[in-house]
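This is the structure, below, for whatever I ask next.
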Amino acid sequence: MPMMTRDVLLEMELEEDDEEDGDIALENLEQTIVSGFGSLESQQDFRTPEFEEFNGKPDSLYFNDGQRRIDFVLVYEDESRKETNKKGSNEKQRRKRQAYESNLICDGLQLEATRSLVDDKLVFVKVHAPWEVLCTYAEIMHIKLPLKPNDLKTRSSAFDNFNWFTKLLQVDESIIKPEQEFFTAPFEKNRMNDFYIQDRDTFFNPATRSRIVYFILSRIMYQVRDNVKKFGINKLVSSGIYKAAFPLHDCNFSSPSEDLSCPNERYLLYREWAHPRSIYKKQPLDLIRKYYGEKIGIYFAWLGYYTQMLLLAAIVGVACFLYGYFTQNNCTWSKEVCDPDIGGQIIMCPQCDNECPFWSLNVTCESSKKLCIFDSFGTLVFAVFMGVWVTLFLEFWKRRQAELEYEWDTVELQQEEQARPEYEARCTHVVINEITQEEERVPFTTWGKCIRVTLCASAVFFWILLIIASVIGIIVYRLSVFVIFSVNLRKISNGTDPIQKYVTPQMATSITASLISFIIIMILNTIYEKVAIMITNFELPRTQTDYENSLTMKMFLFQFVNYYSSCFYIAFFKGKFVGYPGDPVYWLGKYRNEECDPGGCLFELTTQLIIIMGGKAIWNNIQEVLLPWVMNVFGRCHTVSGAEKIIPRWEQDYHLQPMGKLGLFYEYLEMIIQFGFVTLFVASFPLAPLLALVNNILEIRVDAWKLTTQYRRMVPEKAQDIGAWQPIMQGIAILAVVTNAMIIAFTSDMIPRLVYYWSFSIPPYGDHQDYTMEGYINISLSIFNTADFKSRVKESPYAGSKYDTCRYRDFRYPPGHQQEYKHNIYYWHVIAAKLAFIIVMEHIIYSVKFFISYAIPDVSKSTKSKIKREKYLTQKLLHENHLKDMTKNIGVIAEKMIGAAVENSLRPKSD
């Protein structure tokens, strides 16, 4: 024992702490508990799978007999061939695995084991569910199965008149044939004759078979310790007893199977969906749903619909951008900034204490020209349009989602969902159900639930505070480094140098801070993902939907603060509370608050959005493509010695990457964060929908490529909708109206310019006879007497300056005025106009949004009629079949009774 390394000791301690002194549980007709860890040879209760040699058919999806289909594959490393000295641990693992497999066999599943051709330590256990097991669990899981062919579902499109064009975008039906539609009902064994069973081998499709087997694997027990049952394949995989557990792909993605009975659905999906040449085609959603399940199907349906709607937003956004680009030469205030006789003669006050010099306004010429592109009338129009667009998107998606619920038989899914095995394992407390007044088991009492919720909320709140602390750190960095850039950039430039022309201290500070912020965001994301999963596991939600919704809210709340906090700071806080040169406001009592460029902080917000949104998209796509590809290449390099051998399908799939427990959760999260960027801050960057559109077109195909080529087949799951992401998008849509109105009012200079144009350019406040923007720069920059500088040192460094006055961005009275350095009348006009604009814009957009939401029902009239019609016909069919069975049974009984009566009448009476 003293000779063991520390790692081995830790692993042994964990193993002993978690699993020592447990009893191996076997399920037979009666449950048997095998105590202790005696020799395996002495245990006669274990029922083990038979070992078979590989039959040389790499595309086979069946056992060696060619009759029983492989529904699931379990992979483990043979303990007897492990190169390790943990013999006691290996013995425990083997006993647990054998107990588990024995219980699987006792539960009706059939197992066949085959040793790996590449690595003889690996063993593949193939699992088959026979007909009786499938029927039993289909009834338990309330799985809907076909009753009879359905001829009601006819899909019509508003674009049927453009069939010649839409045909180019559709998947060729001769390659991917449309699925036959059926009336369906929850399966019942005692009404088996009512169901459309033409062939027992195909009645349950491969996805349904895998789903049923996974349900069984997740609930089979393998150990009892202190009256606590341990069960489930997930626990066994996480503890290393099994290396992997997965359903099989049906063929190779690059070529069809040689087996004529194979449908080659993976090959068809790669060819018509994941391949780059199909990038312009619509997605084969029915085949995606059939192969991967409704949960993945609904994700790609939503992502495709979101991408289609982005096309309209991108067109309008590009039009608004081009409007700003072609009208930038008419931007009078920018011309004044760049004019040597106006902007060149305006000396701006230092933007920091002691070190920063005076500077000329025209050094911001280039940034003012860029600002004219984004801070234009087109931006206002686009912000209003996006407020309406997001409502149209959400309402039309609800209708599309309702259609998919009908087409994919998930209308009544909530009634089918089972409790998670992790939840069932903790149900030790007995309570009385308020509805049924019967006893039921729950994992904790009401008081225990309150404690858990409190602890989880506190943990989430702590991590949000940690993010806010990181944002404060970035702000402190900005305040500190601005002084350095202000001094050094002007020392190395001579006024005409390109560095000074294109890189101002504000821009250098903004770009470096944005890059650092992006790095911190990605680091915190990685840490918090694990923390959020731990918190949600501690909460112990009842169903998988509850689990995912709980995790979704935690992750999004964190990501919201993480990604958007820096944008909110620039948009609504930077440059708003700076005071004036003689009396600046200090952050934390030490750092002088940042100021915006003379044109405002809008362009800086645009820069922040481009860096975070673009950097996130590039990073995610590189990670999604390269990481699984590199891992698979690395795995194949380790098995190069067996490259010449014919490898079976299950071993090929084993060397692919596992998808992960959360499935497409991170893809949803990535898209919702992007949705927030597209809607919340679109007033500062009208090209955001275009970037999102390009990213999403690639994202669909990248995700499809990952699923079909780089990852093992996921266990098919049911899903009725996109879950908690729907209310999150609705919340973002409501918040987006407020943020865009406030960006236009407080971040851009649109309102001050309009107030000047309509009120202060003409008498009584202005000197011009007609409405004009000339003179706006002069009135938007207040005057400060350099003699009034206050310094934190004894002597002001600007006391002997050659400049008597300097200008700063604010609306204040000049020195010598009886209210010097107080806000002037123009300031109060601008504040009133900003508040009025926010109120008017919000009320108009919200009114339009609510009208649209009311006018567009969530479920179309035709879909409602189809649902009611199918439900009526299904009930009628089941009722008619039931009546037929009763009539038949009554007829049989009547015949027997008549036969008995006739027999009695013909029998001679005895004296």
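One is the number of the first residue shown, and numbering goes on along the chain from there.
Cβ atoms are placed via backbone N, Cα and C, with glycine included.
Grabbed the feature section from TrEMBL, which reads as follows:
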DOMAIN    62-285  domain 'Anoctamin dimerisation'
DOMAIN    288-870  domain 'Anoctamin transmembrane'
TRANSMEM  299-326  transmembrane segment
TRANSMEM  377-397  transmembrane segment
TRANSMEM  460-487  transmembrane segment
TRANSMEM  507-528  transmembrane segment
TRANSMEM  555-573  transmembrane segment
TRANSMEM  671-694  transmembrane segment
TRANSMEM  722-746  transmembrane segment
TRANSMEM  825-846  transmembrane segment
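I'd like these features described in context: how deep, what's nearby, how far apart.
Model confidence over the domain 'Anoctamin dimerisation' (62-285) is summarised by a mean pLDDT of 83.
Listed by sequence, the residues of this chain that lie at least six past the ends of the transmembrane segment (507-528) yet keep a Cβ under 8 A from its Cβ atoms are 367, 463, 466-467, 470-471, 474, 477-478, 481-482, 485, 489, 555, 558-559, 562-563, 566, 570, 594, 604, 607-608, 611-612, 615-616, 619.
Within the chain carrying the transmembrane segment (722-746), a Cβ under 8 angstroms from the stretch's Cβ atoms is held by residues 298-299, 302, 379-380, 383, 386-387, 390-391, 394, 398, 401, 545, 548-549, 552-553, 556, 571-572, 576, 602, 605, 668, 672, 675-676, 679-684, 834-835, 837-838, 841-842, 845-846, 849, all 6 or more beyond its ends.
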Which of 299-326, 377-397, 555-573, 825-846 has the most Cβ pairs closer than 8 Å to the transmembrane segment (671-694)?
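Selected stretch: 299-326, with the most Cβ pairs under 8 Å.
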Count, for each of 299-326, 377-397, 460-487, 825-846, the Cβ pairs lying under 8 Å from the transmembrane segment (555-573), and report the range with the highest count.
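It is 460-487 that shares the most Cβ pairs under 8 Å with the transmembrane segment (555-573).
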How about the transmembrane segment (825-846) and the transmembrane segment (299-326): do they have 3 or more C-beta pairs under 8 A, pairs 6 or more apart in sequence?
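No; fewer than 3 Cβ pairs under 8 Å.
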